[in-house]
Structures are given as C-alpha cells and as structure tokens.
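Q: I have a structure here, written as structure tokens, and I will follow up with some questions on it.
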Amino acid sequence: MYNFITGRIKGGGYAIKGAWLLLRHEPSIQVQFVIAVIMTIAGFFFGITPTEWVMQIFAIGLVMATEGVNTAIENIADFVHADYHVKIGRIKDVAAGAVFFAAIAAVAVGLIIYIPYIFYTV
Ligand SMILES: Nc1ncnc2c1ncn2[C@@H]1O[C@H](COP(=O)(O)OP(=O)(O)OP(=O)(O)O)[C@@H](O)[C@H]1O
C-alpha cells in the first residue's frame, strides 16, 4: 500500500515535470497556453456560465493534451529514425491530424460560446 502511494506521487511528479518541459520547450504548446490564458480572461470578461466554463476548460485541455501527445510521438519518431522515411512522415502527419481534430472542436466551442456574447448582448 505504501509503495502504491509513493509510486503514484512519483508518477505525478514526472507528469508535472513533463508538463513543465512542454511549456518551456514546445512553441506550439506555448502558443496554446497563451490562447488558453486569453480565453480565460475572456471568460471572466464576458461572465460566461458554469456550463460554458466546463466546455471551455475541456476544449483547452483537449487541445493541449493532444498537442503534448503529438510532441511525444514526434520525439519517438525522431529517436527511432532520425533520417527521412515515408513512414515516419506518415506517423507525424497522423499525430498532427489528431491535434487538428481537437483544434477544430475547440474553435467551434469558442465560437458557440462567444458569438452570442459579442453580437447579441445589448
Ligand atoms: N523523418 C521524417 N521523414 C519523413 N517526413 C518527415 C520527417 N520528419 C518530418 N517529416 C514531415 O514534416 C512534417 C513536420 O514534421 P516536424 O517534426 O517538423 O513537426 P512540426 O511541424 O515541427 O510539428 P510541431 O509544430 O507540432 O512541433 C511531418 O508531419 C512530416 O510530414
């Protein structure tokens, strides 16, 4: 039981270290983090509802998590095969495609939340 708990705490530490590495070294994650901060400020500014907060937080989390996994896949791909290979290109394209799905969903959520606040509030 003690080992289980210390193991989980250690795992959490590695995860926080990984999140910090992404924020420090990955330009795409840095851009998404800035967008997340702007959207959070917008949420307070427009006074969005709790449900809208949940949607927004999920959208931000989905994009940043997918981008993190994409970065890990890119790193693995470069590690196992640093030279050009058509399969490595395909693996990276597919991983980037996953981020694209998440980003499209996040943009849709953002538009659905904010268009009414921007255009229909008197
Ligand atoms: N070793 C390779 N072999 C074949 N194609 C590759 C290789 N490395 C990259 N590519 C192609 O270049 C694209 C960009 O790859 P790269 O590793 O530069 O990612 P990136 O655009 O910098 O991603 P991110 O912005 O998320 O860091 C890939 O999606 C793939 O099509």
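Quick reminder: no glycine exception, Cβ is built from N, Cα and C everywhere.
Copied straight from TrEMBL:
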- Tyr14, Glu26, Glu74, Lys92, Asp93: ATP binding site (BINDING)
- Glu26, Glu74: divalent metal cation binding site (BINDING)
- 29-48: transmembrane segment (TRANSMEM)
- Glu67: substrate binding site (BINDING)
- Glu67: active site, proton acceptor (ACT_SITE)
- 94-119: transmembrane segment (TRANSMEM)
Q: How many whole Å apart are the CA atoms of Lys92 (ATP binding site) and Glu67 (substrate binding site)?
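A: One finds 12 Å between the Cα atoms of these residues.
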Q: Please give me the CB contact count at 10 A for Glu74 (ATP binding site), counting all chains in the structure.
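A: For Glu74 (ATP binding site), the 10 Å Cβ neighbour count is 16.
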Q: Can you tell me how far the Cα of Glu26 (ATP binding site) sits from the Cα of Glu67 (substrate binding site), in Å?
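A: Checking the Cα atoms of Glu26 (ATP binding site) and Glu67 (substrate binding site) gives a distance of 9 Å.
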Q: Which binding-site residues among Tyr14, Glu67, Lys92 have CB under 6 Å of ligand 1?
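A: Near ligand 1, sequence order: Lys92.
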Q: What does the structure give for the C-alpha distance between Glu67 (substrate binding site) and Tyr14 (ATP binding site)? Integer Å is fine.
A: 18
Q: Please work out the number of neighbouring Cβ atoms within 10 Å of the Cβ of Lys92 (ATP binding site), leaving out its own Cβ.
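A: By my count, 15.
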Q: Take the Cβ of Glu26 (ATP binding site) and count every other Cβ within 10 Å, whichever protein chain it belongs to.
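A: Step by step: centre on the Cβ of Glu26 (ATP binding site), count other Cβ atoms within 10 Å, giving 17.
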Q: Considering each pair of residues in Tyr14, Glu26, Glu74, Lys92, Asp93, all listed as binding ATP, report the largest CA to CA distance in Å, no decimals.
A: 27
Q: For a quick check of understanding: among the binding-site residues Glu67, Asp93, which residue's Cβ has the most other Cβ atoms within 10 Å?
A: Glu67
Q: Do any residues at least six apart in sequence from Tyr14 (ATP binding site), in the same chain, have a Cβ closer than 8 Å to its Cβ, and if so which, in order?
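A: Result: none.
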Q: Which of the three DSSP states, helix, strand or coil, fits Glu74 (ATP binding site)?
A: helix
